């Protein structure tokens, strides 16, 4: 035997030391089954893929020099011969016994002993089988193909494997096709895409398995999943016990995770609650500090720590007899100090009654007042001067809120033309420049002018107007000029704006440019010649008393329900629309508004100026909203009245806001608080046709309201009217 390496050839009658050259007859993927002549010795396949050399050493199959990978060993003179190609996808795990071999196996000795055929296994389970796809296995390295390249013959391999194989042998390892040039390799993009998808599916399965159980139990859970797909008749007791064990383990795991999650949520809740309470505690401590500071300041201002001198008290009557004085003295000293102490017993009765009524209102609206106080005082705490001004601001708010206790009627008028008239809605009430006369207009197409002093002085409720004017259509709004005492403007349902002489009843101007119903008209307080009107044609028109046509027009894009000039500027105008917004314009630039106030949920029926910087708006969403002309958000919302479909009137005297309600009542608000201050219920006056109707069944509503604003600023008188035509002159007391 020479020193050259052999792939492990041998025959049945040849000793292990004899030399026989091995050859490869074909590169097919299966063993050839064609018979060979009897004289031909059995041949053993050697590895040809990639030029892999056999293991070093000499000897046959059983010797120490056998090759690393042996495809098959066949012995016997009549056995089938063949070779195993390098493209074989799987190697048999046991040598197959050849048929027709007799008496030759003894020559191989113990080294050629046959291995038993192993039972197919799948994940360690007996009697199971898994069909693994070899579509993407490289015929050279028997692993998943990496960077698939193919030869001209169409076979695909890993690029590294086929490149190394062709460097040693220029033939295809699969079909033995001659590859002339190593560069004649082409990427197989389709196979690469399929392999990528296969890897993604495998990763998804592994991800689910890794996250469903721990790494130690992953194999057992894989067994459990396989058992679930097994027929129940094939399950034995061991399998059932395994499944129960895994389920109990999973149950305990889920219970532990659920309990941990509950504890985590509880911990988060407790921490958030603790943080909120700490913040509340800090806020309360700040508020207490402010309260203590203000209490000391008020005590110093009221002089409670200084003794009350005799000169500072109300002069007393002559002292009674000693017997009586002793009783009085003992009574006085037994009373606690404060509002009900001795110093208060010396006050006038009106003081005590006023204080009692204010206390009553303070108790009824304590929460609102408390909120108002802290919003005023906690807004910005700085120096002593700022603190004093904030306290004075709240003191003024508290004083105005508790000033009035009730609403008292002074006089009653009627706008109805006759007893059988079913509709006598008063749509507008306005005072003239000096508040000496007031005009009433409505759906009866009449404007009635009354003298305020005469109405108040008459002992009876039958009052006749000083003048009466008749229009061609229902009247929606009227407005007095702030400069000309007799000049009155009206708007009606035909879209006409008319200028009247309020005392003679003569028409001076008629404007007919609106295409639809005109809802509102208003004179400019700073420019006596300028007035504005708003209509359902989505236009606000500006008029001059000297001209016959409009001087400007603003496109509102929605029905205009109300229009009002600023009381402190000749250029600024506000109007409410059916688009739920209040639009604020500068007349020097009518192309776009200065501000659009959004917040109402329905159409804005009224917009009135509380001051030069504040606007109050009413809507059919049953809310009033207070706005600042320089801020887009709502300052305060007023709720309590009912307004869902009608024009119920809106007016303000600077501090108090009055509006009607669809429950036939008048509501009053203070601009600093959101809740209702006072209410006044109109009596239901039944006509002859409605005498059998119950009071709760009526659909009457307060339709108009107006304050009597005097030049000195005192304004506690207002006039309100309802849909029955009843007009009430009311006073706040």
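Counting starts with 1 at the first residue shown.
A Cβ is built for glycine as well, from the same backbone N, Cα and C atoms used for every other residue.
Keep in mind it's a predicted model, so treat the numbers as computed, not measured.
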(request) Would you please say which range out of 215-225, 226-236, 237-247 has the annotation motif 'Nuclear export signal' in Swiss-Prot? (result) 237-247
(message) Please determine whether the repeat 'WD 7' (695-731) and the repeat 'WD 5' (599-637) are in contact (criterion: at least three Cβ-Cβ distances under 8 Å, sequence separation 6 or more).
(response) no
(request) Would you count the other CB atoms within 10 A of the CB of residue 493 (site 'Interaction with TRIB1'), including those on all shown protein chains? (result) 19
(message) What whole-number Å value do you get for the CA-CA distance of residue 493 (site 'Interaction with TRIB1') and residue 474 (site 'Interaction with TRIB1')?
(response) 6
(request) Note down the number of other Cβ atoms within 10 Å of the Cβ of residue 474 (site 'Interaction with TRIB1'), including every protein chain shown. (result) 17
